[in-house]
Amino acid sequence: MTNMRKTHPLMKIINESFIDLPTPSNISAWWNFGSLLGLCLVIQILTGLFLAMHYTSDTTTAFSSVTHICRDVNYGWLIRYMHANGASMFFICLFLHVGRGLYYGSYTFIETWNIGVLLLFTVMATAFMGYVLPWGQMSFWGATVITNLLSAIPYIGTTLVEWTWGGFSVDKATLTRFFAFHFILPFIVAALAVVHLLFLHETGSNNPIGLNSDVDKIPFHPYYTIKDALGFLLLILVLLMLVLFSPDLLGDPDNYTPANPLNTPPHIKPEWYFLFAYAILRSIPNKLGGVIALVLSILILALVPFLHNSKQRSMIFRPISQCLYWLLVADLLTLTWIGGQPVEHPFIIIGQIASILYFSIILILMPLASMLENKMLKW
């Protein structure tokens, strides 16, 4: 009798995706982050669901409802901090996942890559709206500053901002709609992740050397299910250490002060995972220019497949490109640091140099390095 997992319509899909999936035999731990992102999404949806049972999306009670969750709900503090720090783990995994794709040339799977860029935008939008919900000082002012950027769009800008706010300032209508969007978006992310996997399984996975691996495939289960399980354990360990030992390490102290439209915090800044983009936004002394640079800082990823002109897919045998890649990583870390600093000398100029370098590496230096490496191959 044929195994049910190979015949049953539903089980067959699961089988072909997670059990009998032919997988390259040499993929390293850098390929674990896809499944870790899946785990993060499940954690966020579950903790978020339980938080939504106790949260109220009204400006007068939002802050106290979060306090109530932490003080009065059974294990509410655990659920709240799992959700807040789970977002940080989500972004760490996201950045490493994208970084791996850039290093090993996974962006040549154009459909998979573009869905991935769309996923990145959606997750960033979800995280931004979630940050507004506790209705602390940084929630309110972060929402005000970031939504106000829409006013830089010529002609329709002001109307667009007021339409987003549901009034003439960030208020009750804004909070309610942000809660609604924050609830629905993770399910859209889950649907997009399925499409992401669908396109990936059309081509099969890439591997560290970037060569065709059809001659050497192994079944996903048990080899990579075990490997993923180890990743799950490590992720949960790090998350629990963060939640149980220093839950506020990555948060902002200002968010423990209820939102006050009459009192602006001295330094308005987003969560740490947006600081690199925030630094790029601030490095241009023009509102519209800054907004364009902000969007392009992420959208530039969609251009990467078209800028690839190397004869090799992976960077593993391309030392010049490797140097530029790690320069890009260092540059992003610099931008993250600058995004959290006040707007004064020398941070302004450092941010501007780092922003120029970020775009230069991706748009100019990497394609030039690839051309040089192609020439060196002929020698």
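Each Cβ is built from the backbone N, Cα and C atoms, and glycine gets one as well.
In Swiss-Prot this protein carries:
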| type | residues | note |
| --- | --- | --- |
| BINDING | HIS83, HIS182 | heme b b562 binding site |
| BINDING | HIS97, HIS196 | heme b b566 binding site |
| BINDING | HIS201 | ubiquinone binding site |
| TRANSMEM | 33-53 | transmembrane segment |
| TRANSMEM | 77-98 | transmembrane segment |
| TRANSMEM | 113-133 | transmembrane segment |
| TRANSMEM | 178-198 | transmembrane segment |
| TRANSMEM | 226-246 | transmembrane segment |
| TRANSMEM | 288-308 | transmembrane segment |
| TRANSMEM | 320-340 | transmembrane segment |
| TRANSMEM | 347-367 | transmembrane segment |
Other parts of the chain folded back onto the transmembrane segment (347-367), taken as Cβ under 8 Å at six or more residues beyond its ends: 279-280, 282-284, 293, 296-297, 300, 303-304, 307-309, 321, 324-325, 327-328, 331-332, 334-335, 338-339, 341
Seg_contact(the transmembrane segment (113-133), the transmembrane segment (226-246)) with at least 3 CB pairs under 8 angstroms, min sep 6: no
Criterion met for the transmembrane segment (33-53) and the transmembrane segment (320-340) (at least three Cβ pairs under 8 Å): no
Annotated stretches the transmembrane segment (226-246) and the transmembrane segment (320-340) touching (3 or more Cβ pairs under 8 Å): no
Of the binding-site residues listed as HIS97, HIS196, HIS201, the one whose CA lies nearest the CA of HIS83 (heme b b562 binding site): HIS97
CB within-chain contacts under 8 A for HIS97 (heme b b566 binding site), separation at least 6: PHE33, GLY34, LEU37
Other CB atoms within 10 A, centred on HIS83 (heme b b562 binding site): 21
